[in-house]
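Annotated features in TrEMBL:
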type     : residues : note
COILED   : 67-151   : coiled coil
COMPBIAS : 47-57    : compositional bias 'Polar residues'
COMPBIAS : 187-199  : compositional bias 'Low complexity'
DOMAIN   : 60-149   : domain 'GDP/GTP exchange factor Sec2 N-terminal'
REGION   : 1-57     : region 'Disordered'
REGION   : 156-202  : region 'Disordered'
Amino acid sequence: SQVSFEEESQNPPAVGHWKPLMPSKGDKEEAESGCQDAGGVHEPQSREQLNVSRLRSSSVEIREKGSEFLRDELHKAQKELKLKDKECERLSKVREQLEQELEELTASLFEEAHKMVREANTKQAAAEKQLREARGKIDMLQAEVTALKTLVITSTPSSPNRELHPQLQSPCKAGFRKGHGRNKSTSSAVVSAASQSAAPEPVSRECREVDSILFAEFQAWKESPTLDKSCSFLDRIYREDVGPCLDFTKQELSELVRVAVEQNTLTIEPVASQTVPVGKVAAEECGGPKKCALSGLSRTCKHRIMLGDSGSYYYISPSCRARITAVCNFFTYIRYIQQGLVRQDVELMYWEVMRLRREMSLAKLGFYPSEM
């Protein structure tokens, strides 16, 4: 330090004489002259002062160089510290961004999981409902197939077995079922009941001849049976029979009835014998026991219809019921043919179709069995 250096300068060390290894000529002269002036006092002091000045200059130079080196190192350290601060700031921003993204991702995953659970529950409930409906339809179809097989084996369209099918008997023998009951448009009982009159004329007395055009259309349809009304066979029947038979005064309701018959979702049921008071008639019932909802005329309505599962009932007159039943009978028979349940000769099936068309024409003209 500077204090120690000043102490050393105040107490100069003993300085001896320098002995050069190979003294030069001038040195020899100085030595000789020194020897001559050995008794002098000024020469040692000047040498000591020279050495002290040299030591001071060297220490100052070393101190300046050291301070310059330290300043450079300090600048370098400051620069590195600034770079580290910037890197730390960048990394902290990256960490905050990642944490925010992680939170958003976690929230979205939880929301998606809840959504998937809700959708799965909804689909499960819908599937269970469809399964129950399908089982009910299977049971109904199995019962219909069993009844149809029995009908096909033991009966023909021209000569039905009346003992096996009591619904074909006259009203005085069979009687009419009291209370509420339902007959789907696919019921085989409805097919046969509406096709019989009070006193049917024996088939053997009829003279009939096959129309070549109608028979050719039926044969073409029988090769690939379908319910698409664009084919020539069904297109003709729609234009000549189905359309006019279901053309009622209330056009909007008539269209709904036609669609329900085509989709096999029409229900016909008899009205209870007890008359419901006017003030207690349900709001979903249209028409009334004394007014037909399809014709708009005042008629005694013994039956009512429901379209699908709407829950709305429409009272219909016997004439309208006969027209709807005749169309339902036709669609039921061609559905049985399409499903391969009718195993008869093509000509016999053709004449059964013609008979059903005749029933639609008679119902359109106002003829219907008295038991309706």
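Keep in mind that glycine also has a Cβ here, set from the backbone N, Cα and C atoms.
Given the structure is predicted, the values throughout are model-derived calculations rather than measurements.
Across the domain 'GDP/GTP exchange factor Sec2 N-terminal' (60-149), the DSSP tally of helix, strand and coil residues reads 90 helix, 0 strand, 0 coil. The predicted model assigns the domain 'GDP/GTP exchange factor Sec2 N-terminal' (60-149) a mean pLDDT of 89.
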